[in-house]
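**Student:** Structure in structure tokens, see below.
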Ligand code: ATP
Ligand code: MG
């Protein structure tokens, strides 16, 4: 399908859905001070979205001319970025919402009447919490959940990261649609933005639903055309390739897509097209703002031509071709081609006049730097080049970068200010000019050598730190030591893994002859590795050699990472092929793994999954990695996540024959080195997604030890077998509840606590059974597993104080444990206490005896009391040592109860009996004393 046809189809499709077709807004919206160029289709409707204009339509569709300065550096480098491009869009102002936006997008893309793209080559992303959109894609459109990828707010929210970082105001989740060309990486073609919230500031994530919700979508015309035309890059579609070819003819070089000149011709095409549109709108090259952008784009094109050998103006000759290719959408361009070409030609001449001298001057600068072993282009030189030779600093930066030299933006700005000049007018706002950006331009990438080694010889290539004013800048040397002076060090190559793909960054140290630099974390910015840390000692200098040594922690990280692959395999085996990875985080012997599954994973499934992983670990299977073409990896059946952008070639990590994944992370060489795998939780962070947190290696081992120790502690404190702990805890809790009631006066004191003895002699249970038992126990008392022992200890100590309260309440001023103790008769070293306890029931007697046994062991106690007119109760208790030397409470009460006309008995340490004759209590007391003396004597 031709690009012109696509543009027209889109607009008429949305007309059939009740949309008003509106014209593109201008490219340079002078009415909007917040942007230099129109960045997206929605820009002209800002006031509509905010409800600030009276609406005469609530649905609109447009094809908008856009220019994105943020993508300048992507031009020529990626297949799918331009500065100038066209964005197709449909908009709803408080009218339709997600269901229509999604189903129409799908209809337009897949219906044979419209684009007829194969549905199985499309995937989508949604914001991670947007269940509404995910469910709609799944249930109504019928996309399997494996092709709906949930992304974080930095990817799938508009504005990016708004929930946590702001700005306040209208915002919402997005859903992006990707096309997967056969044999290469997927490309984002369409973004649906659901503006449904108003962010109202502190605290973060404070999102209020908007009363009237809006839809804002943007489809890249060139990207979609490239998809339909089956070409590898936007630059080869029907309206762009002829311009590229024409540029080749004018420059006298053959267009070969893969070579340097190929990239130059694409950049010339892009830049001339963008400038043609801007100049058509009377924005001429100049020193400030949008004018400066146009100047910069043109001079870059001129430099590209110069590098291909041209010394005469040439770019202006392309204006006619641009106007011709764009005439279906923008016939008005034809009317100004003469003027536009003249403006471009003048600017070309102007720059070319000074370009040779300027380039000679840059060479001189570079030579002096080389002599002095400097790596950062001085800001004063850059300012001079711009003022005298019209050499834009961004070009200087690029030329310097080709020589491996960095650029000092703060220095450039300071120099321009000193000369009383503006710094290219708003360049600081427009272009990313931090020291890291500058290093990125210079070094492009750090070679990563950490897959197979944990140490490497490196050369220091960049040092970024704060200057005295707190501004971040590049240093040639740095000697402030200590954690208070954080640094970023960049090297030519590194064994340190930079945080990516869910795996955390490495730590360790970089040691040179004159310094020791401690690496606390490693991050990646594009392909540059940033070692964050501080100088422990000495002075670090650019261009010196050092040894980079990754710390031990890496091993734990590798154990966790290899375990995630095994887990992924085990999940699919036990739950089904749908259980695909949705995200992961891998740290030292700790991992978090999110995957698709509708229901919670049952404890049985979880146990089987854990067992399968550990089986693979025990089997010590070989882990291998290799770099293969993406198509080959697909053929080999590697697990691939839809919606994920994969490079080509890809790194394929395989384990035994059971796992093949595309992965950039670091791994063990044998699954056996994982040591042990232990799941510690399973939960559902959002609908249709489950999350497993697990431990490996040392942490898993420690965790297991802690489970066993905690359960052991509890069993010991209760005096029961580990398997009886839950029953014992249940009884303990009931007992404490009853004690509490009695202590507060609203119930009878309970019978003594009897704990189970069922498993008294059983062998210690398996680890799995212990963990289950501890879990169950913790659930019963509502605390975390490892807090259970302390909680049980607290319950046990509650018992003592509750009993004291109960006794205090029951004593009714007659008798206390101390009173009883005062009556004790010493037989050897054993205290014999026999007393009448008027008003006490057997429970109170038992508690008094308990207190005495604690306070006054060794002792033997028998208490007796009338219970109304015709009943007598008695309780006897012996301390443990008395029982050991043969004392029997059961015998005691049996003998004494016959005197009051009753019977009874019980255990040797505690026994109870009753009778019918309260008149005989005094006789019984005498008999009890006599028996006691004999028993102890
Ligand atoms: P990318 O991440 O690929 O740069 P984006 O997230 O910046 O894309 P959006 O801001 O969502 O893109 O813009 C909507 C659509 O416009 C994209 O889906 C894409 O098709 C298109 N698009 C965005 N930037 C460019 C560009 N520089 N050149 C060509 N098309 C673009
Ligand atoms: Mg972008």
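Just so you know, glycine gets a Cβ as well, placed from its N, Cα and C.
Annotations in TrEMBL come from automatic prediction, not curation.
Heads up, here are the entries from TrEMBL:
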| type | residues | note |
| --- | --- | --- |
| BINDING | 561, 565, 663, 667 | Zn(2+) binding site |
| DOMAIN | 1-706 | domain 'Alanyl-transfer RNA synthetases family profile' |
**Student:** Here the binding-site residues are 565, 663, 667; which one has the lowest number of other Cβ atoms no more than 10 Å from its Cβ?
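**Tutor:** Lowest Cβ count within 10 Å among the binding-site residues (565, 663, 667) is 663.
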**Student:** When you measure from the Cβ of residue 561 (Zn(2+) binding site), which residues in the chain that are at least 6 apart have a Cβ under 8 Å away?
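**Tutor:** Residue 561 (Zn(2+) binding site) has long-range Cβ partners 503, 586, 591, 665, 666, 667.
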**Student:** Under DSSP, is residue 565 (Zn(2+) binding site) part of a helix or a strand, or is it coil?
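**Tutor:** DSSP call for residue 565 (Zn(2+) binding site): helix.
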**Student:** To what whole number does the mean pLDDT across the domain 'Alanyl-transfer RNA synthetases family profile' (1-706) round?
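**Tutor:** Taking every residue in the domain 'Alanyl-transfer RNA synthetases family profile' (1-706) and averaging pLDDT yields 91.
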